[in-house]
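Just below is one structure, and these are the notes that go with it.
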Amino acid sequence: MAEASRWHLGGTPKHKLRYREDVEIRTTLQELLLYSIFLINLCISGEERTNFKSIRSITDFWKFMEGPLLDGLYWDSWYNNENLYDLKNSSRIYYENILLGLPRVRQLKVRNGTCKVHSFFRSLMDECYDKYTSKNEDTADFGLKQHTEWKYSSPRTNSPWHWGFVGVYQNGGYIFTLSKSKSETLNKFINLRMNSWITRGTRVIFIDFSVYNANVNLFCIIRLVAEFPATGGILTSWQFYSVKLLRYVSFYDYFIASCEIIFCIFIIVFTIQEIKKLKEFKFAYFKSIWNWLELLLLVLCFSTVFFSLYSNMQIYRMIGRLLRNTEKYSDFYFLAYWHIYYNNIIAITIFFAWIKIFKFISFNKTMSQLSSTLSRCIKDIIGFAIMFFIIFFAYAQLGFLVFGSQVDDFSTFQNAIFTQFRIVLGDFNFAGIQQANRILGPIYFITFIFFVFFVLLNMFLAIINDTYSEVKADYSIGRRPDFQLGKMIKKSYNNALEKLKLKKPETDEDKKRMENKDLAEKARREGFDEKEIQSAEQMKKWKERLEKKYYSTEIQDDYQTVTQQEFRDLFLYAVELEKELHYVSLKLNRVMRKVSALQY
């Protein structure tokens, strides 16, 4: 009845409803605030992950070594005791990647006193460590002086140097090899950290290891590099080389091997040919640029064969040593490094092999015009190039000095040169230049575009265009290549069809008809109109008929009667010859005027 009476009286008062809404809103805001504090605390208290790219200090470096590096290296599928022997028995491979040997950590240092402290600051600083060079390298034992990580190891003579961000580093240094046990390796890292293995003289630390994937028969050689520049901080970089060191496994690999054998046979044949040409022409042999290209190709081909044989011998030797002793570090980086150079030599060889095709098509009209154009304007281009690069390098020096400290594209003189080439191609960062210097930035950019892009490059194109016009004019008044490749191929093709009796032999009339058709097509390409072409064809017909009538060797009589129609044909032929002579004279005068204008 109470509820009924309350309903009858109009329900809950409005001021109580507003009070309840205020309480609900206040409670919701309090819960939201408390939950936000909880969420922020949860995110902050979560485990901090340090990856190799984010390393900026020595503390970050040791966090990475004792955390993500150990977790990655000591994953169970890599350090199964049986996996290290799976290269012998492929049926026992249970995991995709096999860690080959043991990882290695290597440090290079510089000596104290390799640089000088200014007299004003000698009271505050008595140590000075310069940037890394082979002369500044520290080779003395330090720290605990007990194991290889505290004792200097001399570099091997055949080991490649590493090109880093701030220096070029040789092999050797202070080296230690990781253990198969994760706990032992962790204790080793802690011991190194507690005894200050990384000092102020440290300039670079390398982490090297290699893995093998039998599914795709690829080796991955991994190098993580942490550089400690003299300016402070840490610069990280990495190299991943995926190479196929075991080259002959599948049927396709053996097909590639057969192609390599054929390649060696071709090298021998080409070498014999060049030796014969050298004996025949002697010193005149070296006057042709194509002969120099032949020699370069032979040198590159022999280099590829040598690299291939050497790398294969080293691969099988190292893999055999790895299978005999899995407790040491296997230096596959040496093989990967030279394998990359081997691929580079092959790439250069293929490039010049394609360029050699120009030797066989140089007699083509288009190629002949191109070579003639380049040979004629080479002196003008050299003179222009001197002027161009004087202005270009002046702008590069200006950009380096004005923007080098603030714009990465101009941080070095070499970067400034490449940046200006990119500006010419339309790839530039005008906002960065303008932000670096509000006044000189726009002035540099506008003047560079005007002088280099609008003036100098157009002068370069004008030189080539004028020379090409001269060459084309020479070809239009009678100069032609010795023979056409297309006609030769077509003639050989027709002869083959005729011998196989797939095509009827051409008669003299068919040949004349084809010759006339070819001449007409050539005249159309040279710019003659149809009226001139028809007049020339009519004149040719008159000439052939008159030669057949009056200049035949079968007619021995000196006196020949001429009919009225024949006299009319002779008269018209003489008139047409006079017109043609007048036309050729006008055209020759026009060409001579153009040549005179070009000379002045």
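Counting starts with 1 at the first residue shown.
Including glycine, each Cβ sits where the backbone N, Cα and C put it.
Owing to the predicted nature of the structure, the values given are computational and were not obtained by experimental measurement.
Feature annotation from TrEMBL assigns domain 'Polycystin' to 51-246.
Annotated disulfide bond per TrEMBL: Cys115-Cys128, in sequence order. Spatially close to Cys128 (disulfide bond) yet at least six residues away along the chain are Asn112, Gly113, Thr114, Cys115, Lys116, Val117, judged by Cβ distances under 8 angstroms.
Per-residue confidence over the domain 'Polycystin cation channel PKD1/PKD2' (247-471) averages out at a pLDDT of 85. Annotated domain 'Polycystin cation channel PKD1/PKD2' per TrEMBL: 247-471, in sequence order.
Long-range neighbours of the transmembrane segment (251-272) within the same chain, counting only residues 6 or more positions beyond its ends whose Cβ lies under 8 Å from a Cβ of the stretch, are 294, 297-298, 301-302, 305, 308. Among the features that TrEMBL reports, transmembrane segment is placed at 251-272 (among others).
Through the fold, the transmembrane segment (292-310) approaches residues 260, 263-264, 267, 270-271, 274, 286, 338, 341-342, 345-346, 348-349, 352-353, 355-356, 359 of its own chain, all at least 6 residues removed from its boundaries and within a Cβ separation under 8 Å. Taken from TrEMBL, the feature transmembrane segment applies to 292-310 (among others).
Here TrEMBL flags 340-361 (among others) as transmembrane segment.
For 381-403 (among others), the entry in TrEMBL reads transmembrane segment.
Below 8 angstroms of C-beta separation, residues 373, 377, 380-381, 384, 387-388, 391-392, 395, 398-399, 402, 420, 423-424, 428, 430, 433-434 of the same chain, each at least six residues beyond the ends of the transmembrane segment (443-464), sit close to that stretch. As annotated by TrEMBL, transmembrane segment applies to 443-464 (among others).
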Residues of the parent chain within Cβ reach of the transmembrane segment (340-361), under 8 Å, 6 or more residues beyond its termini: 241, 243, 290, 293-294, 296-297, 300-301, 303-304, 307-308, 311, 367, 485
